[in-house]
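Encoded as structure tokens, the structure appears first; notes follow it.
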Amino acid sequence: MVSNTEINANDAENKIYRNTIGPVKEFTSVRWAQTACFVLIAIMNLSAWIDLQGLFVEIPLIIPHTPEGWTLPSIAAICICAANIVPAIVVILRWWQGKKFSEIPYIYLIIIVGVIACFVLALFWQRTIFIFGRERSIWLLSCIFILSMLDCTSSLVFFDYMKRFRAQYLQAAFLGEALTSAIPTILILAQGVAGETICIQTGNSTIFEPTYTQPRFSVRIFMFCIAGIIVASLIAFILLRWTNIVTLADAADVDERKKIKSNTDIVHEESEPMVTIVKSQTSSKSTKTMSKRVFRLLLVINTINSTIAYGCLPSLSTYALLPFGQTAFYYWSVTIPIAYPLSLILSLFWKSVSTNMIIFQSIFNAFLSALIFIIAKQSPCPWLADTTQGALMIITIWFIMSFISGILRIAIGNRIKSEWIDEKGMFYYGATVQLGLLLGTIPIYFLINVFNLFIDRQPCQTYCIS
């Protein structure tokens, strides 16, 4: 017979074990779940813009095989501009449906259609169709337009999805965005320095015709790699939605946890010490709130920043860089994508940026952007054309501008997520990104393709003879 005293002693030992050793093991599993959740969010956000980012870094290889030539970047920009009709529809649906609106179906649609479009682009990007009196890259432009619709919409729904998570997981979303430019850069480095112009004299004439060096692997293989990355994003999103990784990591925001708690009752009395530990380490709600005036000001600055960085300047890249040589354009396409990841690294240490600092950074960024605009307007013979010093100058200016744009984008997003009390804040944040892109691409397209205010530099021709 076992005495009641021994039974009570065993129960006491078991309770002590549950309240000490048990929480330690659970804490370790929670830390692992938090890391896994962070990584999955970053991978999911890779599908946001990686396809178009990949296309833009491949432009030096694509342009020699397209009838559009160096006007392709501005045409792609207007495709992105026209694609903003879809985000506009999503904004209307968000307003009309209110709390019934769910971003989940849109995320599935964006990722799945993105995979299909990348595969189609990889197979048919070189095909042209004779239409409106000339050959046109209909397959390429159609895929750019489809991907633009998806990526522009992702700026809305992906950030809207982040309202379900604690504030610190917004860094994972920014990390995914940063990698959308860094990964294509790594791939293009693996391709090797290609697209470099070699001028060959035709017969006995003084006319030179351009030929281009070949990469280690083709544009088709490059786009297949991009499609594979988007497939990984789909898998990451499925894991976030259909496993209990978010619950284990206690990554859900306060309102989202209330919804989960109302549907499932998984909290036991034995785990109360662990819940206390997790809450103390993952609490993300800021006691500081943002006024409507500051909220609107940050949205305006975000719109202006997006107008410059994502709307105006990408279409001017060939005009600002080719006067310094195609090698300068190549190194620009390799170095600029590094700026955003560096901005993200800085934001990990500079977590709170004041409103006055944001205003100062936006003014300085506008000044750098004006310099780039002036240099592009002076094409084909800007300051220090055809010199190494000129190439270093334009790449440095553009890199600093991109770096500050990244800081502004991340700082504004973090402030809105942590200080603005309305759950629609991140949705409006994403909407201003697309609004800025729209406001930038339309006037630049007309300045380039209608009013012909910018003159591009053709390969193997002599310019700037003093």
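Just so it is clear, glycine is given a Cβ too, placed from its N, Cα and C backbone atoms.
Curation plays no part in TrEMBL annotations; they are all automatic predictions.
Feature list (source: TrEMBL):
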- 32-50: transmembrane segment (TRANSMEM)
- 70-93: transmembrane segment (TRANSMEM)
- 105-125: transmembrane segment (TRANSMEM)
- 137-161: transmembrane segment (TRANSMEM)
- 173-194: transmembrane segment (TRANSMEM)
- 221-240: transmembrane segment (TRANSMEM)
- 294-317: transmembrane segment (TRANSMEM)
- 329-350: transmembrane segment (TRANSMEM)
- 357-376: transmembrane segment (TRANSMEM)
- 391-414: transmembrane segment (TRANSMEM)
- 426-448: transmembrane segment (TRANSMEM)
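Counting C-beta pairs under 8 angstroms (sequence separation of 6 or more), the transmembrane segment (221-240) reaches the transmembrane segment (32-50) with 3 or more such pairs. Of the two recorded stretches, the transmembrane segment (426-448) does not lie close to the transmembrane segment (173-194), with fewer than three CB pairs under 8 Å once pairs fewer than 6 apart in sequence are set aside.
Same-chain residues lying 6+ beyond the ends of the transmembrane segment (391-414) with a Cβ under 8 Å from its Cβ atoms: 159, 167, 170-171, 174, 178, 298, 301-302, 305-306, 308-309, 313, 320-321, 324-325, 327-328, 331-332, 335-336, 338-340, 342-344, 346-347, 350-353, 358, 361-362, 364-365, 368-369, 371-372, 375, 383-384, 426, 429, 433. When each of 137-161, 173-194, 294-317, 329-350 is scored by its Cβ pairs under 8 Å to the transmembrane segment (357-376), the top-ranked stretch turns out to be 294-317. Sequence-distant neighbours of the transmembrane segment (329-350) (same chain, 6+ residues past either end, Cβ-Cβ under 8 Å): 53, 56-57, 59-60, 171, 174-175, 177-179, 181-182, 184-185, 188-189, 193, 195-196, 317-318, 321-322, 391, 394-395, 398-399, 402-407, 409-411, 414.
Ranked by number of Cβ pairs under 8 Å to the transmembrane segment (70-93), the listed stretches 32-50, 137-161, 173-194, 294-317 are led by 137-161. If you look at the transmembrane segment (294-317), the same-chain residues 6 or more away from its ends with a CB under 8 A from one of its CBs are 56, 73-74, 77, 81, 329, 332, 355, 358-359, 362, 365-366, 369, 372-373, 376, 398, 401-402, 405, 408-409, 412, 415-416, 420, 425, 428-429, 432-441, 443-445, 448, 454.
Below 8 angstroms of C-beta separation, residues 44-45, 47-49, 51-52, 55, 62, 66-68, 72, 75-76, 79-80, 82-87, 90-91, 94, 103-104, 106-107, 109-110, 113-114, 117-118, 120-121, 124-129, 131, 173, 413, 426-427, 429-431, 433-434, 437 of the same chain, each at least six residues beyond the ends of the transmembrane segment (137-161), sit close to that stretch.
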